[in-house]
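Remarks on the structure that follows.
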Amino acid sequence: MRFVIVTGLSGAGKTQAIRNLEDLGFFCVDNLPPTLIPKFAEACYQTDGKIDKIALVIDIRGGQFFDDIFESLNYLQKQGYKYEILFLDASDEVLIKRFKESRRKHPLAPDGRILNGILMERSRLREIKDRSDNIIDTSKLATRELREEITRIYSEEGQMETQLIVTVLSFGFKYGIPVDSDLVFDVRFLPNPFYIPELKNHSGRDKIVVDYIMDFKETVKFIDKLEDMLEFLIPNYLKEGKRQLIVSIGCTGGRHRSVTIANTIYNRLKDNGHRVNIDHRDIEEDIKGGKKL
């Protein structure tokens, strides 16, 4: 099990760090009182590997409870529970600027000068910083750069390259565009099998419909171009930290054209080694002639 305790100065990026760890598959808990760490660790270690990556945010918001952290860490060590400490730091100037931009009050100086709160927090965190396994200074890091550093330290080998999950989703425009779409493609420019009597009651999964749709040169050309576009976009989305991509392909009812095109794109991406899922949102709705809720 990998057990990471995330701490550091207010405004240094702990919230962003915990989000990045969550993207890497960590079970994350924010602002857990330090006195609860031992019981929480014991519960996690008793899951027989069902939970194998844990990240906790412990910071000065815990007030007087924060001072109990060393007793809890010593207990973990005596019990043989391995843990790592990640400390987020930044310069006083950068922290002051971030607090002013966000218009937030420093937790140790709610009615006073931000700098005084920062200096007080530095003093209280000095010992935990000295015990940290990894220290990241975010003063000059953009959000993307912090994410890359977190990934470098805490991802499994090769996870950064395979993290993006693509979902190819077919749908019918008459039932509405999927609200979670990242990319939407309209294939209603292709001839509609609905108006062919022998194809009307079939779906885009059936060979007779697939053969009809794929017989048009426009279909093949569109699929080739869409595949090329996705092969270009996927690594660039990944580089910017995107972890999921929803590619929605729509026709009128989501039963014929969009299903065939979505299946074809799914198979091509899968053959190219991508992590990809397929979902036909409206195929059953259109068969029943119902309305999408």
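Cβ from N, Cα, C; glycine included.
Noted in Swiss-Prot for the protein shown:
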BINDING   GLY8, LEU9, SER10, GLY11, ALA12, GLY13, LYS14, THR15  ATP binding site
BINDING   ASP59, ILE60, ARG61, GLY62  GTP binding site
Fewest other Cβ within 10 angstroms of its own Cβ, chosen from the binding-site residues LEU9, ALA12, ILE60: ILE60
Nearest-integer angstrom distance between the alpha carbons (Cα) of GLY8 (ATP binding site) and ILE60 (GTP binding site): 8
CB within-chain contacts under 8 A for GLY11 (ATP binding site), separation at least 6: ALA90, LEU95, ARG98, PHE99, SER102, ARG104, HIS106
Cα separation, LYS14 (ATP binding site) to ASP59 (GTP binding site) (Å, whole number): 9
Residue with minimal Cβ packing [other Cβ atoms within 10 Å] among the binding-site residues GLY8, GLY13: GLY13
Spatial separation of ILE60 (GTP binding site) from ALA12 (ATP binding site) - C-alpha basis, Å: 13
Other CB atoms, at most 10 A from the CB of LYS14 (ATP binding site): 22
Where GLY8 (ATP binding site) sits in the secondary structure, as DSSP reduces it to three classes: strand
Neighbours of GLY8, LEU9, SER10, GLY11, ALA12, GLY13, LYS14, THR15 excl. site residues, C-beta within 8 Å of centre, ATP: ASP59, LEU88, ALA90, THR138
SER10, THR15 as binding-site residues, winner by CB count within 10 A: SER10
Residue pair LYS14 (ATP binding site), ILE60 (GTP binding site) - Cα distance, angstrom, rounded: 12
Greatest C-beta neighbour count within 10 angstroms, which of the binding-site residues ASP59, ARG61: ASP59
